[in-house]
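According to TrEMBL, the protein has these features:
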TRANSMEM  6-28  transmembrane segment
TRANSMEM  40-60  transmembrane segment
TRANSMEM  90-111  transmembrane segment
TRANSMEM  123-148  transmembrane segment
TRANSMEM  207-240  transmembrane segment
COILED    256-310  coiled coil
TRANSMEM  332-355  transmembrane segment
TRANSMEM  375-402  transmembrane segment
TRANSMEM  422-447  transmembrane segment
TRANSMEM  475-494  transmembrane segment
Amino acid sequence: MGDFNLALVIVAIVVCVIVFIFNVYLLVNYQHPDDKNQAYFPKFVVVFGLSVALISILMLPADVANRQACKHALYNGACNLTLPMKDLWLAIYIVDAVLVFFIIPFAMFYYEGDQDKGIGKRIKSALIWVVVMAIVCALLLGILYGLVGEVDFTVMHLSSNTASFPNSWDFSSSQPCIGNGARQCSAFTTSASSEKTWTMRTTFPEYVVALATIVGSVLFSIFGGVGIACLPLGLIFSFVRRPKAVITRSQYIKEATELGKKARELKKAADGLHQEERSGSKGRKWRKNVKAVEKELLQLEEDVKLLEEMYPQGEKAETAWALTVLGYLAKLVLGVLGLIVSVAWVVHIVIYLLIDPPLSPFLNEVFIKLDDVWGLLGTAAFAFFCFYLLLAVIAGAMMLGLRLVFITIHPMKWGATLMNSFLFNVGLILLCSISVIQFCSTAFAYYARATAAQEIFGHTLQSLRGIKYLYKYNVFQIAFIALAGLTFVYYAAFGWRRKKPSGRFQLSS
């Protein structure tokens, strides 16, 4: 098999096939009926982007397994017969960056282009936007790489005198070095003043990955910090706010009539905004009104779903109500389990990353003990904690998108997700997946030690000129914990309340 470990190659191929099939399944079941049998290029980008994101998350456990492949080797050079993980890391994150900054924006511009225009004009318009972005990104990357694309490693300059080759070797705790002098090596007794800075230029691919990681880390610390709390608490408080009983027919008719009025108001507002778009008047007021319509539409859909739950109809109405009750119980169970995982993450970050020296390896020791029970058990738990962080990022983005004006809402709904929402969320997942891997390689440095990921995301990234201080002073970890605490307080104070009807909807004049 050449220079590769056969077992790891087989597992990697099988996992890639499973990931691809899973992503195709998600696309088929989440896509909007309007996108069936069309928009094939955006669909290919969605499947490919999701596959890259999921494979990148799985590569860290694979990196750990790759390191362990030569752990008990019986011959020299066994570690050269494993997967070239550093090359694979750089390749997959260059692909990640190209998808996020070029391919996905092109697909979104093309998909959201005026449907009345021909395919050629839509492609031309999308290409113009992407070329402008490419020129700006290339200039920015080139200038930054030329000016500050260097790493500064802090090293200790060690030196000692030469000595004659001895006739016999007699080392002990009292005499660790050659000679009859001070019984200590000169290098061992060097002073702190010998500490120096060793500067070298990093490779351009590593620099691209580093900058993409910084952008992703900003989003990760915001969305991940909010999501680590709102993901489990949202499920728990959904159970708290659940409908307690089936309503009467008269109540159903009254509520349905009000929702019908709201739907007509939204349709009228959407038609007006569409006319403004066709006339070319797309200013700040127009974007603000579009955001308001999107928010009200999502709230209307939630109200319709809740009304259908409270008044199930048809021959199997009792079965539907029973399934509704079981669904809310499942949310409670998943919420409690998720809360345990979230608390474990927060505690681990505090005691292992923020406190110097760390109080305990905590989850690192858990994974190592699980590996002792069964070889892949610790790796599976490690992968689960990484995936949970990615789910937290998505949950945080959805929560903030419903509450902040400057964030566009792109909800993912079963059987009702348009391709632009798919593409936006895939871009967010790809961008944050780099930061999730970097964060996990730092948080689980003891478990993932001596891996290629730690070499890239640990030593190089945290020594990069101009960026290293963000990691030296734990800026992202502190922001993550602070936002998680604020979100927990928010849910404790307001999460149990039911949303009040927003009343008559009006556009901003």
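Here the Cβ of each residue, glycine as well, is placed from N, Cα and C on the backbone.
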> What parts of the chain pack near the transmembrane segment (475-494), using Cβ distances under 8 Å and only residues at least 6 beyond its ends?
Replying inline: 217-218, 220-222, 224-226, 228-230, 233-234, 237, 342, 346, 349-350, 353-354, 439, 469
> Same-chain Cβ contacts of the transmembrane segment (6-28) under 8 Å, 6 or more residues past its ends?
Replying inline: 43, 46-47, 50-51, 54-55, 58, 62, 65-66, 69, 82-83, 422
> So what pLDDT does the coiled coil (256-310) average out to?
Replying inline: 80
>> Could you check whether the transmembrane segment (207-240) packs against the transmembrane segment (40-60) - three or more CB pairs closer than 8 Å, residues at least 6 apart in sequence?
In response: no
